[in-house]
Structure formats: structure tokens, C-alpha cells
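Novice: Feature table excerpt (TrEMBL):
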TRANSMEM  20-44  transmembrane segment
TRANSMEM  132-155  transmembrane segment
TRANSMEM  162-184  transmembrane segment
TRANSMEM  190-212  transmembrane segment
TRANSMEM  224-241  transmembrane segment
TRANSMEM  257-278  transmembrane segment
REGION    310-374  region 'Disordered'
COMPBIAS  339-362  compositional bias 'Polar residues'
DOMAIN    387-429  domain 'RING-type'
Amino acid sequence: MQAIVMLLNGLGWTLDMLLLLLDLNYFLVSSVVSVLFLTIRFIFNLPWTITNGILQLCESLYGFVFMVGDSSCSLVQTVLDVLWGCLAGLDSLKLIWNLLCHLLFRSRELFHRGLLNITVYVQTFHHNFWEALSITGSLAAYLVNSLVNICLIAIQNVLSAAMALWLSMVNVIFMGAELVIMLLSQFSNSAVAVSILLWTPCQLILDGFASLSRGVGIILYKHLYAILFFLLLTIICRIIFRPSPAVRQFQLKVIQMYRIALVLACSLLHCEFLRRVIAKSVQIIRMFRIYGTALVRGWNLRRTRIQNPPVRPATVQNPIRIREPNPVPAREQNPPLRPSQSSVPNSAQNTQPATHIPQASSAYKKRGEPSQDPWKLLKQQEESKKCVICQDENKTVLLLPCRHLCLCAACTQILLQQPVHQRNCPLCRQMILQTLNVYI
């Protein structure tokens, strides 16, 4: 109880300090607002004092200018009076001078009146403008001060209400705590008696529950697989015979996905692009297979040539037979300049036995026959530059990999438009993999 009384005293002191701080805050805020109001009023009145000083200075300058003008006019008038006294006989000049003086005085008066009207209008405008500004500033300062006072009073009222509510709640809590303590003491005394009476049956029930759980655990441990299998079989039967909406939806989704996959597979199998890709891949595989077999044949032929070198032909016994014309087609008159190794095996198997006779005949011609006509040689050379197919255009396309220069551009395009298995060199019948334009 002493602690509660000390806590309440501390709360009362805290409340007093808060009220003191609020009073100090109100005093400080009101003083600050008054100082701010005086500062704003001084700032608002400062331009008015400055303009008044400027106007007074302008008026003094205008008076000085007017005095100087009056003195100069009086001086001029005295000088003219003297001259007029000297020239009394000139009445006409006097009349003119009087007229001029009257005009000057009249214009000076009009000028003075205009300046005075302008200064008065400006002064009244400045006075009204700065009075309006001072009135608005004072109204704004009054509104700010009133709002601050209202806020402070409202905060003070809210804090006092909250403090009163807190004190009432604390009293209620303490009273409730005392009541709860009394009830708990009564319940504890009665609960001890009840627990002593009911502990024996509760202990028996707990022992029975423990033994039952132990037996169930032993049964589950010994027959775990059978129980799991039974549960799995029960779930499967439940799903098959009485499927839930989620299972049916899953089955429908699986069937839809299977149909979509089947449609995609059919569309892929019947797709023209896939057929072209398969045909192209099959052609490339055949091309590489043919190229590989040609390489193997060339390698075997080279090995057989190394192991069994060819026998040179004997001395020519029948030159008349050698001189017999051997008709050679136009495409064989211009053999390739640089035949590749892959093209030699294909052509050597068919033409090797007959290659020695033309060599011998050419040697015989070199030894025995006189030189041919140079015009015929030039004509044969020009004919050898023609395409082997059309015999019109010059040879401008080199076939790879056999390296035969035997076709023109037009015939090459026609040949490349044929199927892949028909794109062969007209000289060695080797497949054409690439072409190269040659400029001679």
C-alpha cells in the first residue's frame, strides 16, 4: 500500500510539473508571438517611414527648385525692368515682354500644380497601400495568436482529462486487483480440497490413457507397413469410386494436356518445314558419306600405288597404231590444272590403263613429227577456254572440291538448280559442294 501511495504521489507531482510546464509554455509562446507581432508591425511600417522620408526629401527639393526659379525669374524681371526703364520709348517691346512674362508665369504655375497633384496622388496611394498591408498583418498576427492560444488551451484540457481518466482507471485497477486476490485466495483454499478429493480418479484415468497409447504405439510399430498399405488402398479406392471435384478436374487437365501434346506431335510430323529439314539432313548425311567413301578409296588407291608401282610401257613397236586418231571429247581436252586427291581415285580406276598410250604418242610426235601450225594451236587454245556444256561462254566457275575449271556462270546456275544427287562435275562426276568465280 505504501508503494501505491508513493506511486500516486509521484503521479501527482508529475501532473503538477506538466501543468507548470504548460503555463510556462503558454507564457513563452504568448511572449514570442507578441515579439513576432511587433517585429512584423515594424517591418510593415518601415517602408511607410522610408516613403515618408523620401516624399519629404522630394518636397524639399521641389521647394528649393521653386525658390531658385522664383529668384531667377525675379532677377530676370528686375533686369528687364532696368532695360525697360532705359528703353522707355519702345512700347512694343514692353508689350511683347509683358506677354512673354505672363506666359512664363502661367506655365510655371501650371507646372507647379501638376507636380503638386502628382506628389499628392503618390503620397495618398502609398499611405493607403501601407495602411492596408499593416491592417492585414495585424489581422494575421491576431489570428495566429488566437489559434496558438486555442491549441494550448485544448492541449491543456485534453491532458487534464487524460490524467483524470488515468487516475480513475488506476483506482479501478487497484480495486479489481484486491478483489481478484481475495477471490483467488478463496478459490485456492477450495481448490486444494477439491484436488485432494479428485486426484485419485484423475490419476487412474491418466494411467489408463498412457497404457492405451502404449498399446496403440506397439501395434502401429509392429504392423506399420500393413496399416500404411491399408490406408493407401482405402485412399485409392476412395479416389477411383468416389472421386472428388479436384481429382476430376486434375483428370480432365491431364486428358487435355495429352490431347494437346498429340495434336502438336501430329502437326510436327505433318509440317512441311520439318520434312524439308529431315530431307536436308538426309542429303547432308549422304553427301558426307559419299565424301568419306571417296577419301577411303583415294587412301586405298594411294596405298596400292605405293605397294605396287605401275610398270612403264615397253618400246613402241607399232607407231602406225599409235598415230591412229583417238577421238577425245571436248570436255577431256582440257584436263584440270590442279586435280585434288579425292578426284584421282574415281577417275584413275577407269582411265589408268589407257593413259600410257597418249603419253607415248605425244612423245613420239615430239621426237619424229614436225611442229604443228601455230594458228591451229591458237584455235585449239581458244576452244579449250569454252564451257564444256554450252561451248559458247568462257570458263569462269571453279568447282570444289575437284577444282575443275570447266563451266560458265549460266550453266553453273542450271546445274545447281538440279537435285543434290545430280550436282556432279561433268569431267570427274564428283559431287559439287561449292563453286568459286574465277576472273581471267
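Every residue gets a Cβ built from N, Cα and C, even glycine.
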Novice: Helix, strand, coil residue numbers for the domain 'RING-type' (387-429) per DSSP?
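Specialist: Tallied per class, the domain 'RING-type' (387-429) gives 11 helix, 10 strand, 22 coil.
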Novice: Could you pull out which residues elsewhere in the chain have a CB under 8 Å from any CB of the transmembrane segment (224-241), counting only those six or more residues past its ends?
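Specialist: Result: 247.
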Novice: Given a Cβ distance threshold of under 8 angstroms, which distant residues of the chain, six or more beyond its ends, lie next to the transmembrane segment (162-184)?
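Specialist: The answer is 4, 8, 11, 15, 18.
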Novice: State the non-local partners of the transmembrane segment (190-212) in its own chain: residues 6+ outside its ends, Cβ under 8 Å from one of its Cβ atoms.
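Specialist: Long-range Cβ neighbours of the transmembrane segment (190-212): none found.
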Novice: Please give the sequence-distant neighbours of the transmembrane segment (20-44): residues at least 6 beyond its ends with Cβ less than 8 Å from one of its Cβ atoms.
Specialist: 130, 133-134, 137-138, 140-141, 144-145, 148-149, 152, 155-156, 159
